[in-house]
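TrEMBL annotations:
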{"type": "BINDING", "residues": "B:HIS275, B:HIS279, B:GLU305", "note": "Zn(2+) binding site"}
{"type": "ACT_SITE", "residues": "B:GLU276", "note": "active site, proton donor/acceptor"}
There are 2 protein chains.
Amino acid sequence: MATEAAPDDEADAADAPAAYDALLDRVRRWNTVGSAAGVLGWDQQVMMPEGGTPARSKQLSTLSSIRHDMVTDEETGELLDELDDADLTDERAAVVREVRREYERADAVPVELVEEISETGTEALQAWEEAKAEDDFETFAPHLEKHVELKREYAEHIDPDRDPYEVLFEEFEPCLSMERAEAILTELRETLVPMIDAIRESDADLAVDTFEGSFPEEEQEALARETLELVGYDFDRGRLDVSSHPFTAGNQFDCRVTTRFDESDPLGAIGSTIHEFGHAQYNLGLPQEHFGTPLGESRDLSVHESQSRLWENHVGRSRAFWELFLPTFQEHFPETDDATVEDAYQAFNQVHEDNLIRVEADELTYHLHIVVRFEIERDLVRGDLAVEDVPEVWNDKYEEYLGIRPDTDAEGCLQDIHWSHGNFGYFPTYSLGSVMAAQLFEAAESEIDDLDDKIAAGEFDDLREWLGENVHRHGSRYETNELVERATGEEFSADAFTDYVEEKYGELYGI
Amino acid sequence: MATEAAPDDEADAADAPAAYDALLDRVRRWNTVGSAAGVLGWDQQVMMPEGGTPARSKQLSTLSSIRHDMVTDEETGELLDELDDADLTDERAAVVREVRREYERADAVPVELVEEISETGTEALQAWEEAKAEDDFETFAPHLEKHVELKREYAEHIDPDRDPYEVLFEEFEPCLSMERAEAILTELRETLVPMIDAIRESDADLAVDTFEGSFPEEEQEALARETLELVGYDFDRGRLDVSSHPFTAGNQFDCRVTTRFDESDPLGAIGSTIHEFGHAQYNLGLPQEHFGTPLGESRDLSVHESQSRLWENHVGRSRAFWELFLPTFQEHFPETDDATVEDAYQAFNQVHEDNLIRVEADELTYHLHIVVRFEIERDLVRGDLAVEDVPEVWNDKYEEYLGIRPDTDAEGCLQDIHWSHGNFGYFPTYSLGSVMAAQLFEAAESEIDDLDDKIAAGEFDDLREWLGENVHRHGSRYETNELVERATGEEFSADAFTDYVEEKYGELYGI
């Protein structure tokens, strides 16, 4: 269960070496500073009046610098050295492994370089906004160039002997091998390109106009709140608010979600609300007694995304869910009373094969949007692609993988914010998370009797408990692949995902 | 004007000794941590779900401990030593004076004692809540006893040769002499006791039932928002929310107010909203370029309270304000359409001579509630009063000063939370602030043409600018008395206040 502590393999905590306890005190302190900064970040996006920006920037940079100083303090290194040959329980060894990784990375990179990257990000963000608005890649190109250089330098500080893209990928995914990640992304491409081609050729006639109309925000907000209640969000440890980009922020005591509303698209808010619920549920399921230590922190981005995607796609986009949910939806929007569960299911699962925009993509084409970005940023960082060639390569890849070609860079390689922050290696985690969601859901289905019927009946306890038991309560104790293997009995792979999409979309589109 | 910077008496900032710049960097850093903690505190009282308490406590205690470590770091002391004989501009000398005071106090008291007081506070708070609910002083007495002991010890660490109450008072009011404070409180008592007696005997018939009825919260909230707009609150740098106790939190970039609503008392929310506006206006008027330094931080509690009381009492409780405000009020509550400005003025200014509860007191009796607490806590800390005798002394003083005697300790010495935190020396600042408000307002009236007419016309710019110019923009540059003297041309005294109440209540009650 989500609220149960991870099994403790040490009989007596007093057995820990003094250096371990001292290290843990330090780690708790710096992670608590980090979680305080998280509250400030949430406030900034949800509550802060516009004028507050200068003070908030100083508060956040000060907390970040304090945290960095604590991590890289020489005492951290000395305590880790002392623990080098210590005989530790598995749990404690996992803590030391996680702390050592963070310390070594933080210690390897000069503060000046981190600051330069941060400053470059501020300028690049402005340039990107302008470039996107004006559809002018040239404006952004020198900033992207600089980010590539600085991030290569960054990677070199960490390990001059390894592929720099791999090193950067580990910033977001420290314990999943690049090799496995790349194999999964390649399999996605090989599976999805022909599928989407077939869908384009298919003459299936989906009920895509079921939810056309205007759906007032106020009513959508009430519905979002009910959706969260339905899936079991604990409002005593969370909140729902509105922000321009939906996100989740918090810890095992207080984890909040946001959503946003588009009056012409009521499904958008439902999908995003369930998505953020999955993220929040993960954090809320971390063991409370390990707050501030690696055992009380979530595993990395792909695992986090697996939790949001599992709820969004495998629950929220299922027929069973719409059996449960459609009457609630229709209470709020009686003008849709004629829609059947099958209509809703089809509308929520249509493939937008002509869509150019990642954030508007469906469950299927989404991954090709990611593969394009992954291949381009990997080649940029490896020095196999010049910045000036990005727009053309981007467009060629869209044509090759998705059968569509952007008319403008604004709808092409300038659409996402990530590269303006210099975040190379981030995009793949989105797809890896979806793939992992499919594998976890397949395992949950095989272990929970009649899961589909339970979803249709609004009984989510078993699923929440399964995820709590198999994922949440472990915190960062296991590395990614071990976590997946323990939960599913299989190595992390794209198999479950390809089975899932082939079955689901095969049936929907008759392919 | 509030937004203008304080005049800089140094031509070239590069002239400052290196130690000064180094000190300022440190100070900015610790004050920024403090302001980050302020955001967490606001969130805790306004937004946080109940379950968030354990994480929030850890976040706040960690930030507090980090800040304390920075203040008491030996480098702070060394830099201050270096600056001992430095030739500094007045402005820089003021910064050093403020930092030195904070450093010396923080450095003098052992961390263990601070923690013991904090822990005692947690236990005492629970005991106080129980004692108040059960009307059982005995439950609270040992905790109060312990607080008195610990706080005497605290004062002794800071200065073993001085009156411990004076030392504790300086925690809240570091640059206002106890002697002046005590003289003001004594004058308040001597003026107000006979006045309230006369009011009790007066047969004046005030329109006290003008606003009886039920006033829905939603409508009160809309009115509170309009009230803030009317007096000129900058919503781009602030927010209005609801909390169980109204308060103000923030800085010159982002300062937020809260209020609360009582459906049977619409005046309560109006008074408290204007009061918090005064606090917020002070913080928002601090110079932005000095954020995080003493020049960008408000002077102490009495000055802060002077700003809230000036707006609440001298503006909000004036006839001129009700000439402006009554039509707005009546738009929200048309059932009060028969009320005249005079009715509203009388209703808002009636003296509750039989009220036992401080937070429900009027502008006049309020100070006797404070004087009772001041005299009792002073005598407790000085060792001139035993804890067990508090209830009787309390009741005797209420009888002597206010002509009423509590039937229970719950309505008597257990009514306020402050002593459960061990906050001895805090209460007087409430009255000192009101007295200062009267003196500042008198000066503003003499310098602003037709201020009364301007208030009645909703023209608050001149008053806001006068306060910005004379109080807000100085931050902590001047000590309290100097600040008042510069603003008003007179030493800080109770004269303006006694003139004000004698005239106002003399007329209202025909005494």
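Glycine residues also receive a Cβ, built from the backbone N, Cα and C atoms like all the rest.
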Checklist entry - Going through the binding-site residues B:HIS275, B:HIS279, B:GLU305 in order, which have a C-beta under 8 angstroms from some C-beta of chain A? => result none
Checklist entry - In the structure shown, with every protein chain counted, which of the recorded positions B:GLU276, B:GLU305 has the densest set of Cβ atoms within 10 angstroms of its Cβ? => result B:GLU276
Checklist entry - Just the number: how many Å between the Cα atoms of B:GLU276 (active site, proton donor/acceptor) and B:GLU305 (Zn(2+) binding site)? => result 9
Checklist outcome for this item: One finds that other Cβ atoms within 10 Å of the Cβ of B:HIS275 (Zn(2+) binding site) number exactly 23
Item to check | Beyond the site residues B:HIS275, B:HIS279, B:GLU305: chain residues whose C-beta lies within 8 Å of the centroid, for Zn(2+) | outcome: B:THR248, B:GLU276, B:GLY278, B:HIS304, B:GLN307, B:SER308, B:ARG309, B:TRP311, B:GLU312, B:GLY433
